[in-house]
Amino acid sequence: MNIVILAAGTGKRMRSALPKVLHPLAGRPLLAHVIDTARTLNPTRLVVVVGHGADQVRTAVAASDVQFALQEQQLGTGHAVQQALPLLDPSAPTLVLYGDVPLTKASTLKRLTDAAGHDGYGVLTVTLDDPTGYGRIVRDAQGKVERIVEQKDATAEQQKIAEINTGIVVMPTKRLDGWLSSLKNENAQGEFYLTDVVELAIEAGIEVVTAQPDEEWETLGVNSKQQLAELERIHQRNVADDLLVAGVTIADPARIDVRGTLECGRDVSIDVNCVFEGKVTLGDNVSIGPNCVIRNATIGAGTRIDAYTHIEGAQVGAQAVLGPYARLRPGATLSDETHIGNFVEVKNAVLGHGSKANHLSYIGDSDVGARVNIGAGTITCNYDGANKFRTIIEDDVFVGSDTQLVAPVRVGRGVTIAAGTTVWKDVEEGLLVLNEKTQIGKTGYVRPTKKKS
């Protein structure tokens, strides 16, 4: 089967310089969702018709199995499909999809193609309470499809018809060249409508069959930012429902966003307003507090993530505790039973089993052993303005509060670092290290007071 995806439109109502089909839904371009669905049908040819912003669209969805046809002037859907003809296999049927209709299920498309067969003509239709703005399916007295009439060309009687054309059709490719060449643009838009091919098919003795989707939202398109937002919420609720069915506890299914893939073990719980991006894997019994953002990360079983924690490109072991207000940046690798507390940032660093940094610290470009305690206000000074260096902290080290470790530096096993120490030289294992300072107490000091106005 050939699949042609129409993606050449300007999308004026989006009021954006970005081509309409590249606006994101769940973190990915609208067109990418359509291509993914098309791939599940195993097409022999997959062609995207581009026009407005053609170079941007090509770059965004380029792949070895995707070919592109250029529609230099947007002269209608029939003209768009005509541009793809040289790339199609004439011996296979052609399914036409739209780059701004991202939620159609593969099962719905399969139902349509099965109904049409190899040489038939199939139209995906839907019945709406308010069909205003859509092309109507006109049937004869026996219920057979006669033609499709666009809203602007429909009579008052035809505008009462509730069954509408979604635009998604499957057609015998070997007949398309003749049909498309016969189209006329004698309509209110002055365009070559793909819908007019229906009458040509009927004239050729081909019965036009129809199929309908399971859900009305499968055929909704995007023409404005409002419609994009509506489809985003539909998609996210569908994702949330799938997670609930799989056994995930979600505090409010209307307040979760998955912009990629989220894999969950058993008894995972997710509080409100959490965002998951890229590929995220949550082990059994993971608990996530409200307002967390997790991107491209793996979280081990039994780990608790408290509110407002941000995690990106990190690996977290089992039974860890993160947050609230913790930040794991790319390259952070935490072993089992580690604790990263409030206002602690970890970047490109490894923390061993049971190590803790509970308050107000920065751990960057570091290798931290097991059972290390990092006191509040500890900073690994990893950057000299031009280069970054690593800090090595071996097992069982106690780092006092307000410590600065100036990399490159190594702290040996079992070292105790006193509060307020700056460590700029390697420390042998087992030592107490401190910077000697004299504490002075002065008498006679008068604290300034505010003047009353």
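Our numbering is plain: 1 for the first residue shown, then up by one each step along the chain.
Backbone N, Cα and C define each Cβ position, glycine as well.
Feature annotations, courtesy of Swiss-Prot:
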- 6-9, Lys20, Gln71, 76-77, 98-100, Gly135, Glu150, Asn165, Asn223, Arg329, Lys347, Tyr362, Asn373: UDP-N-acetyl-alpha-D-glucosamine binding site (BINDING)
- 226-246: region 'Linker' (REGION)
- 247-453: region 'N-acetyltransferase' (REGION)
- His359: active site, proton acceptor (ACT_SITE)
- Ala376, Asn382, Tyr383, Ser401, Ala419: acetyl-CoA binding site (BINDING)
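With DSSP classes pooled into helix, strand and coil, the tally for the region 'Linker' (226-246) is 20 helix, 0 strand, 1 coil. Compared over the binding-site residues Leu6, Ala376, Ala419, the count of CB atoms lying within 10 A of a residue's CB peaks at Leu6.
In the three-state DSSP scheme, Tyr383 (acetyl-CoA binding site) falls into the strand class.
Looking only at Cα atoms, Gly9 (UDP-N-acetyl-alpha-D-glucosamine binding site) sits nearest to Tyr383 among the binding-site residues Ala376, Tyr383, Ser401. Taking the C-alpha positions, the distance from the residue listed as 'active site, proton acceptor' to Ala376 (acetyl-CoA binding site) comes to 5 Å. A separation of roughly 65 Å, to the nearest angstrom, links the Cα atoms of Ala376 (acetyl-CoA binding site) and Gly76 (UDP-N-acetyl-alpha-D-glucosamine binding site). Cα of Arg329 (UDP-N-acetyl-alpha-D-glucosamine binding site) to Cα of Asn382 (acetyl-CoA binding site): a distance of 15 Å.
In this structure, the CA atom of Ala419 (acetyl-CoA binding site) is 60 Å away from the CA atom of Gly99 (UDP-N-acetyl-alpha-D-glucosamine binding site).
Most buried of the binding-site residues Gly9, Gly76, Gly99, judged by other Cβ atoms within 10 Å, is Gly99. Cβ neighbour count for Glu150 (UDP-N-acetyl-alpha-D-glucosamine binding site): 19 (other Cβ atoms within 10 Å of its Cβ, all protein chains included).
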